[in-house]
Amino acid sequence: MSEDNNITEFRQYLRIKSVHPTPDNQGAVDFVIEIGKQLGLETKTLTYVEGKPLALLSWKGSEPELPSILLNSHYDVVPVVMESWKVDPFAAHKDEEGNIYARGTQDMKSVGMQYLQAIRRLKEEGYSPRRTIHLLYVPDEEIGGRDGMGEFVQTKDFSGLNVGVALDEGLASPTDEFIVYYGERAPWWVRFKATGPTGHASQFIRDTALEKLLDIIRKAAEFRKEQFDTLQRGVHQCGMKLGDVTTINLTVLKAGVTSDGGKTYSLNVIPTEAEAGFDIRIPPTVDLAEFRKKLEGWASAEG
């Protein structure tokens, strides 16, 4: 039984290893650009930071002076833990029921291909848009987006699009009902770095970097528990969901004295520096400036 061409292209896209920390960015961009050309779209490759190209595909409308529609997706994917996979995460394995298993199937190569497939269908039906429709494929959403979208929106390339409405990713739906998301939590990746005196670990040395950092971690843990408790109460009282609260998770800890690049550490020496990294997701209902003040307060309390 032959496979639908849309599925074939999707699986080909999944096989491109655009995975951090060494993604095949050019391979992903070349792939979507080629499909865009096949569909008769105007195509551009934009690069603001070396090695991190963006693909811009445009379907010109009959009234191009109208504000345009921007459909954005990212082609980069997060790393994989190979031993946790039953199949090759970059083989785009399809089982007997038609389920496809690969890194990026949901986040978010599926959406990027759906844009192209929708345009293909509309063109086959003879549809012609009034507004120009732009498809954008960016390289680094999974690591913050600074060099892709972050650079793009500062350029004339972006302002020249005259974007009236932009759509990005939402959440995968387990059913045939599709939810439109009009707001989402803001992702903040925050690092706290503490410094303090060093010395031999056999002594009681005050105000060390680790002491200061642990105080910040404790405050973050208390805030995390407050938000979790709020969610637990709200679920039963008013149908509150995860997106209604702020999540904060400690994801990075760095400290220690080493002379061989981290292969070994001196456990009897107090380090002068310590660092903690947090993943924070803030709801649209929270004032970001006020929340920043909260984080700065945690830090300033430790000097």
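These residue numbers are counts, starting from 1, taken along the chain as shown.
Just so you know, glycine gets a Cβ as well, placed from its N, Cα and C.
Site annotation (TrEMBL): Zn(2+) 1 is bound by His74, Glu169, and the candidate from Asp30, Asp107, Asp207 recorded at this site is Asp107. A sphere of 10 angstroms centred on the C-beta of Asp76 (active site) encloses 25 other C-beta atoms. Asp107 (Zn(2+) 1 binding site) sits 10 Å from Glu141 (active site, proton acceptor), counting Cα to Cα. Neighbouring residues of the recorded Zn(2+) 1 site, listed in sequence order and excluding His74, Asp107, Glu169, comprise Ser73, Met108, Val111, Glu141, Glu142, Asp168 (Cβ within 8 Å of the Cβ centroid). According to DSSP, Asp107 (Zn(2+) 1 binding site) sits in a coil region rather than a helix or strand.
DSSP classifies Glu169 (Zn(2+) 1 binding site) as coil under the three-state reduction. Neighbours of Asp76 (active site) among the recorded positions Glu141, Glu142, Glu169, defined as a Cα within 10 Å of its Cα, are Glu141, Glu142. Between the alpha carbons (Cα) of Glu169 (Zn(2+) 1 binding site) and Glu141 (active site, proton acceptor) lies a span of roughly 11 Å.
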